[in-house]
Amino acid sequence: MNTSRRTFLGLVGGGALAAGLAACGSSGPKSTPGSTTGAAAGSGASYWFLTGQPQQGIREAQVKRFNDANSGSQLKTTEFQNDAFKQKIKTAIGAGQGPTLIWGWGGGGLKSYVEANQVEDLTDFFSQNAKLKDSIFPSAFGAATVNGKAYAMPVETVTPIVLFYDKRAFEKAGAEPPKSWGDIMDLVPKFNAKGIAPFSLGGQSRWTNMMWLEFLFDRIGGKEVFQNIYDGKANSWSDPSALKALDEMQKLIKANGFIKGFSSITADSNADQALLFTGKAAMMLHGAWTYGNMKSSGGDFVTGGHLGYMNFPPVDGGKGDPTDTVGNPGQYLSISSKASAADKETAKKFLANNTLDDASVEAWVKSGNIAVAKSSKDKLSAITDKNDSEWLNFVYDTSANAKNFAQSWDQALSPTQAETLLDNIAKLFQLSISPQQFASNMNAVIGQ
Amino acid sequence: MTATAPPVAPPAGRTASARAGSSAAGRSGPVAWMVLPALLLFVVFGVVPLVGVLVLSFTQWDGLGAIHAAGFSNWKSVLTDPQLPHSILVTFEVMILSWAVQTPVSLLLGTFLAGRQRYRAFLAVLYFIPLLLSSAAIAITYKALLDPNFGLGAGLHLGFLTQDWLGQSNLAIGVVIFIVSWQFVPFHSLIYQGGVRQIPATMYEAASIDGAGRVRQFFSITVPQLKYTIITSSTLMVVGSLTFFDLIFVLTAGGPGDATRVLALDMYKRGFMSNQMGPASVIAALIVLLGLALALLLRRLGGSTTASQQEGA
């Protein structure tokens, strides 16, 4: 499984708790020799990260390169399964026992670390390493910045949300891929008449539904609508554009735009992807990280050229820029403010030399991802598989050309707001609350 | 799950304690220290966290930064939260319905298994298997089986099985109760099996001589004789159901919407997903209070006439 922040959230929200529970018992954290589990500040620089290929292998190689080159300051690693990590890191940081290098998703989670004075201000680090800063997609810095200061370095990969579709389904229905929201609404009855669900959706995971709202808010009201919410402006959820977006969303649900039973489908089992590649659904809005699984599990779906993809289409009369995208602008590494000066130096050296170096970027691209570095583009010509090459170019262009790359809401907002949001989104999709009720429920927690 | 329920003290009758009153004083000295290890564990892992939760419920804490005193604000906000009555309602719904499903089934199964034929021992092992599986594994398995597109119904082309089982409020509650019952009926059958085997065979012999059939024997001898077994088993079910978490969390995560959001799940979501440890601690305290009240109530129901439990007493 292609592990990403998204998958991770899915796991937390849904099924693979078992994996997490199992991790507590037998397959707990795995440390490199010489390090103790939960190495505290003062015992040498430490770095905790997630297991799951191909990311795990790339991270291990980065640390190995660092340790080989710096015999004096070694970096000790501890690997965690997704769920175990999210629990452990928060508790460890709260108890002052966190690692030197804190791996995370930026946004609201990072903000809570900053407010508790747990992470180091990296603004100076970036001004000293201007070249490094320039090599990274500028859009990735938004989620690393709190109150104008950078507290984390964007590392690893950029994964926008993409509208996937099955070319075979469109042939069968004699239809063209949608160019606007109106087209989408017109396609719904066409596919339903053919017995194909218009859209696949893993609604039980909740964040899957959220991706739809992220795009509709942007396309209808522009990036300011969510920015106001993010900034904590009162009543911003009841902005007229927001209400219109919520209303359009319910219209699509009422028109049977999603596969029957979507609220009991989870994304962590990849059942939503399976619906697309088995021909049961024609389209799917999902993260770029699903490409790898669709390629490996979908038979000839990807290799046979049946997978189509596009950025989310514009809404007629909407204010949003159609090049905008949403998703994960990157993963993030912060440095613990509780670490010793020497450990902080080690961590900074690792950030500067080994996270987005040439070897890392090449490894990310080879694994089917676009690294958050601009140099990813140079590596694309070396991809020989035609499908992979087209896909990676598309992801690169979407990310690099986006006027605004909004971070997923559940990560951008504080944990309190994010949980209320996911709850209310589930109810909105169940049609058990109206757009107005949704807005007032959300307005109640703005700024919390 | 049931294992986590507080141990239910045997219904100590007033008469029994009164009788023991005089001699107990002399014996308690040398015996009392043997309780120490258990008491120590109970204090460290039971009382200390309980007090911790109570303290946390009066503070504001996001799990990371400093802890601030918050007075009664958490209690006020949780007790006036419209989510709370819903969670309590769902908790009681699951509790009562799963009790109502499990009790008759385990009573009948237990009575059946108390027979002596060899095949029953084999069946008893088969029936017992669900209890050996972890709740998370059960939830994941059922989730896969109930999947409307790739599950059992779709695979075998059985229309009636192809429902949106976990996507519709009423169905989801039903599924939760079914799976909980499936998981715990074996345990309670075992209790009833033991209870039935305690009933003196002479009673049944006498009843047969009087011409009572099997059904009459069941209702006139087995059920009344099992009164305390029923109370014990019900207490375990009721108090245990307050802590239902893992199965529901994996199966529905409280959804669809908040249809299966029981109190324990509500606590988890507030504490570990919204980072609001204070309100989560209030819910935790409420669960403890509710559990205590229910356990005491059930003891009261069966605790007054303990004397006739034993043959000849």
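The count begins at 1 with the first shown residue.
The backbone N, Cα and C atoms fix where each Cβ goes, glycine too.
No curator has checked TrEMBL annotations; they are predicted automatically.
From a predicted model like this one, the values you see are computed outputs, not experimental measurements.
What TrEMBL lists as domain 'ABC transmembrane type-1' is B:84-298.
As annotated by TrEMBL, region 'Disordered' applies to B:1-21.
Non-local neighbours of the transmembrane segment (B:31-56) in the same chain are 67, 277-278, 281, 284-285, 288; each lies 6+ residues outside the stretch with a CB under 8 Å from one of its CB atoms. As annotated by TrEMBL, transmembrane segment applies to B:31-56 (among others).
The annotation transmembrane segment is assigned in TrEMBL to B:88-109 (among others).
Below 8 angstroms of C-beta separation, residues 1, 109, 113, 151-152, 166, 175, 179, 182-187, 189-190, 193, 246-251 of the same chain, each at least six residues beyond the ends of the transmembrane segment (B:121-145), sit close to that stretch. Residues or ranges marked as transmembrane segment in TrEMBL: B:121-145 (among others).
The transmembrane segment feature in TrEMBL is assigned to B:165-185 (among others).
The list of residues near the transmembrane segment (B:236-257) in space but at least 6 beyond its ends in sequence, with Cβ under 8 angstroms from a Cβ of it, reads 1-2, 4-6, 8, 91, 94-95, 98-99, 102-103, 134-136, 138-140, 142-143, 166-169, 172, 175-176, 179-180, 183-184, 188, 191, 263-266, 268-269, 287, 290-291, 294-295, 298. Sequence annotations record features per position, and here TrEMBL assigns transmembrane segment to B:236-257 (among others).
The feature transmembrane segment is assigned by TrEMBL to B:277-298 (among others).
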